[in-house]
Amino acid sequence: MPGSPRPAPSWVLLLRLLALLRPPGLGEACSCAPAHPQQHICHSALVIRAKISSEKVVPASADPADTEKMLRYEIKQIKMFKGFEKVKDVQYIYTPFDSSLCGVKLEANSQKQYLLTGQVLSDGKVFIHLCNYIEPWEDLSLVQRESLNHHYHLNCGCQITTCYTVPCTISAPNECLWTDWLLERKLYGYQAQHYVCMKHVDGTCSWYRGHLPLRKEFVDIVQP
């Protein structure tokens, strides 16, 4: 219908949602809930390994009144781990230009490779932000790299709970306790780098590193 306002692209709506979700009082801060790498993989629509070829600042929409900007990264996709049913080959990824909206800064025109997780919007564009799991490929452990192919995907029925204080106990048989913050005061510590929360035939879940059971200090954390 002539004169009718055009609907906003899905990425513009997502930008507005990120702005609304910004915690009050944090100013320019970007705040994300903690998540284990396995949770990131399970909750992401797209998981790829890629290099960044170039970057460009682009408008968030075709509306001249819209002042929001996006960073568009042109990438060279090396391998896709998840998202085959949504997109075949990713050429561009988009992120908010504003860091307060969780925009991601990546190194372009370098040899650095990244593990990128993100969402595929209704218009087919791939959108990433700081609350996604985005890591230099060289920083991933061997267990993490191998788990991208199978173990993370096959165990999305397990629940991972972050432990902040003791005692910290499971509330369901399919739950694993993530204790990196308690033991190392950082999220992506030894447990995140070397263990997968795996489901057994009886429906229970527990941490495993390949065929090795969980280290004793991870088990002891559930005791008062």
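Glycine is treated like the rest: Cβ placed from N, Cα and C.
For C30, the entry in Swiss-Prot reads Zn(2+) binding site, with the evidence type similarity to another entry. In the three-state DSSP scheme, C30 (Zn(2+) binding site) falls into the coil class. Of all the Cβ atoms in the protein chains shown, 19 others lie within 10 Å of the Cβ of C30 (Zn(2+) binding site).
Annotation source Swiss-Prot lists disulfide bond at C30-C102 (among others), citing sequence analysis.
A coil conformation is recorded for C131 (disulfide bond) in the three-state DSSP classification, outside any helix or strand. Annotated disulfide bond per Swiss-Prot: C32-C131 (among others), in sequence order, evidence recorded as sequence analysis.
If you look up Swiss-Prot, you'll see C42-C156 (among others) marked as disulfide bond, on the strength of sequence analysis. The 10 Å shell around the Cβ of C42 (disulfide bond) contains 19 further Cβ atoms across the protein chains shown.
Every protein chain considered, the tally of other Cβ atoms within 10 Å of the Cβ of C205 (disulfide bond) stands at 21. What Swiss-Prot records for C158-C205 (among others) is disulfide bond.
Note on C163 (disulfide bond): other Cβ atoms within 10 Å of its Cβ, all shown chains, come to 18. Residues annotated as disulfide bond in Swiss-Prot, with sequence analysis given as evidence: C163-C168 (among others).
All protein chains shown were included, and the count of other CB atoms within 10 Å of the CB of C197 (disulfide bond) stands at 27. Look at Swiss-Prot and you will find C176-C197 (among others) tagged as disulfide bond.
The domain 'NTR' annotation in Swiss-Prot covers 30-156.
Taken from Swiss-Prot, the feature region 'Involved in metalloproteinase-binding' covers 30-33, and the record attributes it to similarity to another entry.
Annotation comment: Swiss-Prot describes 1-29 as signal peptide.
Note on K69 (site 'Involved in metalloproteinase-binding'): other Cβ atoms within 10 Å of its Cβ, all shown chains, come to 15. Taken from Swiss-Prot, the feature site 'Involved in metalloproteinase-binding' applies to K69.
C30 (Zn(2+) binding site) has C131 nearby among the disulfide-bonded residues C131, C168, C176, counting only those with a Cα within 10 angstroms of its own Cα.
Geometry remark: C131 (disulfide bond) versus C102 (disulfide bond), CA distance 7 Å.
For the pair K69 (site 'Involved in metalloproteinase-binding') and C32 (disulfide bond), the Cα-Cα distance reads 21 Å. Only C176, C197, of the disulfide-bonded residues C32, C102, C168, C176, C197, have a C-alpha within 10 angstroms of the C-alpha of C205 (disulfide bond). Comparing the disulfide-bonded residues C131, C156, C168, C176 by how many other C-beta atoms lie within 10 angstroms of each C-beta, the top residue is C176.
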